[in-house]
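These features come from TrEMBL:
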TRANSMEM  12-33  transmembrane segment
DOMAIN    20-499  domain 'Major facilitator superfamily (MFS) profile'
REGION    60-94  region 'Disordered'
TRANSMEM  106-128  transmembrane segment
TRANSMEM  140-158  transmembrane segment
TRANSMEM  164-187  transmembrane segment
TRANSMEM  199-217  transmembrane segment
TRANSMEM  229-250  transmembrane segment
TRANSMEM  314-338  transmembrane segment
TRANSMEM  350-371  transmembrane segment
TRANSMEM  378-400  transmembrane segment
TRANSMEM  406-424  transmembrane segment
TRANSMEM  445-469  transmembrane segment
TRANSMEM  475-493  transmembrane segment
Amino acid sequence: MDKKSKMQAEKHLTGTLVLSVFTAVLGFFQYGYSLGVINAPQKVIEAHYGRVLGIIPPDTHATNGSGEDGTVPVPGTEPWGSTEATSVPLADTSEDSASSPHILTMYWSLSVSVFAIGGMISSFTVGWIGDRLGRVKAMLVVNVLSIAGNLLMGLAKFGPSHMLIIAGRAVTGLYCGLSSGLVPMYVSEVSPTALRGALGTLHQLAIVTGILISQVLGLDFLLGNDEMWPLLLGLSGVAALLQFFLLLLCPESPRYLYIKLGKVEEAKKSLKRLRGNCDPMKEIAEMEKEKQEAASEKKVSIRQLFTSSKYKQAVIVALMVQISQQFSGINAIFYYSTNIFERAGVDQPVYATIGVGVVNTVFTVISVFLVEKAGRRSLFLAGLMGMLISAVAMTVGLVLLSQFAWMSYVSMVAIFLFVIFFEVGPGPIPWFIVAELFSQGPRPAAIAVAGFCNWACNFIVGMCFQYIADLCGSYVFVIFAALLLAFFLFAYFKVPETKGKSFEEIAAVFRRKKLPAKAMTELEDLRGSTEA
């Protein structure tokens, strides 16, 4: 960011803008908390499932640590490739008991992945509810789902816990699916162009902060024990209540007011609240141009988004950046990091998992400053290549661990580097680049489709990773390495640079018949011609 742009950004950074963005990204904090909270207390909750289902004797307990207090792992939680028989006695010795580890694995995988099913279902309604109620009112209404889902999980011990947890995570997923579309839509529309990238990365910062807090609270001596785990699962309802009341203080998106509702004076008032004493007419003029463009396009449905050649290239890019984020392997780390560290020979894997969360958070903060300086495309490419190298190193470390004990350190370093490179680009950028690729007309439909794609990939990883890990053992990250290579090549040839560009400048690239190999150069040429 040059000196002029920096001064302009500081001028536009008002208290109301900070409050509005902070309040909105609380939805992503809840998303991150829901991602991470299910990881640390895995053994405790599985043991409870086993007792409720009659698989494990009622007096058997488990902890999140390594069993130093005399407790032992429950069936189905052995590290990958382990051939040791479980030391927990089953409730019966019939033939059905042989399938008990598989029953627990099924319920646990469903508890993890049903969260993404809720997200998939609700993501398609993002555009409708956002346009019907407005961005702020929509975020207010959907908080009801978050509160309801967290109540179900918080009260899990008062009923069939496995069913209440699955239902609660499904309802929470419905909320997060809506929120993950509404929040980037709102933040991109209230942010000035000079700050759009930096404020857009706050989505990912909120996610990793939620993950970190859930991991810390999930420690056995805090809330991750047999007495307190329902409170741990339902605690993000507090963030939902906070967001609900803070949203009452936030202005509606000026772009929504001007372009969708035609309320010029209200849009000007909203802009003045968000920008301070700055003259709003320049942004109003940009909105007017965008409104005319949207009017000529008419309303864009999801079907038209796929059938119109006008949007074809932009849709492909939007979907691929979402697929890249989820199939990169990062959710395998988030969901099963404790298990991965066990496989790497770490004595206290829960603390190593928290270390991942700390690194995750620190480098997300760094990415806030990098994204406007280095650009979206370059950071996205650098992140993918770094993750690819880390995945290969992780595989080498896990494969050779039985021969060389020091390989456990290689695996651990590789995991941390994997997370660092993810937060450099593939983590934060997909959340806001979709909103940058489309103008007001197709934006809600595009965000809905991209959100569904993201959640669908999230579900596939959450549901299948444990089975694939059991099948592939130490070679599981070879699959992600191959995918990362494919994503890198696609991004190199197809993903454009969007740093500092208006929505119209970005949209103009996709009006051409083909997206050139060096889209970044083309955008610079486009910018030069418009300035001339």
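Keep in mind that glycine also has a Cβ here, set from the backbone N, Cα and C atoms.
Here the transmembrane segment (314-338) does not lie next to the transmembrane segment (140-158) in space: the count of CB pairs under 8 Å, restricted to residues six or more apart, is fewer than 3.
Panel annotation: around the transmembrane segment (164-187), residues 20-21, 24-25, 27-28, 30-31, 34, 38, 45, 107, 110-111, 114-123, 125-127, 129-130, 135-136, 138-139, 142-143, 145-146, 148-156, 199-200, 202-203, 233-234, 236, 240, 253, 431-432, 434-435, 443-444, 447-448, 451, 454-455 of the same chain, lying at least six beyond its termini, place a Cβ under 8 Å from a Cβ of the stretch. Only pairs six or more apart in sequence are counted, and the transmembrane segment (106-128) with the transmembrane segment (445-469) gives three or more Cβ pairs under 8 Å, enough to call it a contact. Contact between the transmembrane segment (406-424) and the transmembrane segment (475-493) is not supported, since fewer than 3 Cβ pairs fall under 8 Å when only residues 6 or more apart in sequence are counted. Here the transmembrane segment (140-158) sits apart from the transmembrane segment (445-469); fewer than 3 CB pairs are under 8 Å, leaving out pairs fewer than 6 apart in sequence.
Mean pLDDT for the domain 'Major facilitator superfamily (MFS) profile' (20-499) in this predicted model: 80.
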